[in-house]
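K.L.:
Straight out of Swiss-Prot:
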- HIS44: active site, proton donor (ACT_SITE)
- ILE168, THR169, MET170, VAL171, ASP172, MET173, SER174, TRP224, LYS225, GLY304, HIS305, GLU306: NAD(+) binding site (BINDING)
Amino acid sequence: MKVTFEQLKAAFNRVLISRGVDSETADACAEMFARTTESGVYSHGVNRFPRFIQQLDNGDIIPDAEAKRITTLGAIEQWDAQRSIGNLTAKKMMDRAIELAADHGIGLVALRNANHWMRGGSYGWQAAEKGYIGICWTNSIAVMPPWGAKECRIGTNPLIVAIPSTPITMVDMSMSMFSYGMLEVNRLAGRQLPVDGGFDDEGNLTKEPGVIEKNRRILPMGYWKGSGMSIVLDMIATLLSDGASVAEVTQDNSDEYGVSQIFIAIEVDKLIDGATRDAKLQRIMDYITTAERADENQAIRLPGHEFTTLLAENRRNGITVDDSVWAKIQAL
């Protein structure tokens, strides 16, 4: 089915208000969920909203909590999210990293006791729109087996790197081949994954999203490489925030809350003039996209450029929402 941005935001806002969230906070949170969905990231927008409300109802998310600064060390700050709403707090933390970068050339905010930030790419994009390089990542509950194991002991720990090119170039990737949100998107659409995304119950690689969702044997990106990246990202976020590791979040909490996150902004224009920056970025992009195609019908993609197209299409044609997901939201 198709809905407008306004219908989507109103549906989110209604549910949040019904849970006692104050009107200003509800409006800002609903706006972020709707913008994420409008950008084409359904897995962490409309599809994720019922799960967000479940955690709100369970008390994992504290809607009136405010993040608190703990430590300042020049360009580095440490904050405690105090289990506030994840996407609103993450936006605030990247804003703060940008402010620090304006003063120091680089800004880093380490956040502990945070909730799921929904679409991590929103915060990298936020920095790139203002002309900064944006880098951020989060740890999570253990939902992926380390390479060589059957049990989930590491997080998908998504990493975002956004570059202020025209259009914005951005990598937004979990350390698994697919996020669990993308497994759900493909399952709801009745599609197999385009490449192997995990193991079946017999230990064979599979493209069946429903099988992987059920047995939780999701495949690390690049096999042992994604496994290793997940581990070191967790270690850095834990140390810089003085927060909880994947092990602590998984073993000590009843659900995925109290995670640790990193937000970095770099002011490129302190190191290179704008015209030179743009020319260098354009040459990189042109060199890549003019390579001989393996398939004449498939353009060579640059990471994140599809979001500009998806946003324009959704604004023109309306936002596609799965019927079953919309029914869940209407029932909340």
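Along the chain as shown, the residues are counted starting at 1.
Note: Cβ is positioned from N, Cα and C throughout, glycine not excepted.
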K.L.:
In terms of DSSP three-state secondary structure, what is the assignment for MET170 (NAD(+) binding site)?
P.N.:
strand
K.L.:
Name, in the order they occur in the sequence, the residues of the same chain whose CB lies under 8 A from the CB of LYS225 (NAD(+) binding site) and which sit 6 or more residues away.
P.N.:
none
K.L.:
Calculate the distance in Å between the alpha carbons (Cα) of HIS44 (active site, proton donor) and HIS305 (NAD(+) binding site), and round it to a whole number.
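P.N.:
That comes out at 18 Å between the alpha carbons.
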K.L.:
Among residues ILE168, THR169, MET170, VAL171, ASP172, MET173, SER174, TRP224, LYS225, GLY304, HIS305, GLU306 annotated as binding NAD(+), what is the maximum Cα-Cα distance? Answer in Å.
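P.N.:
Farthest Cα pair among residues binding NAD(+): 30 Å.
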K.L.:
When the number of other CB atoms within 10 A of each residue's CB is tallied over all shown chains, which of the recorded positions HIS44, HIS305 has the maximum?
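P.N.:
Its Cβ has the most other Cβ atoms within 10 Å: HIS44.
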K.L.:
Among ILE168, MET170, ASP172, SER174, the binding-site residues in question, whose Cβ has the most other Cβ atoms within 10 Å in this structure?
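P.N.:
Per the Cβ count, the most surrounded site is SER174.
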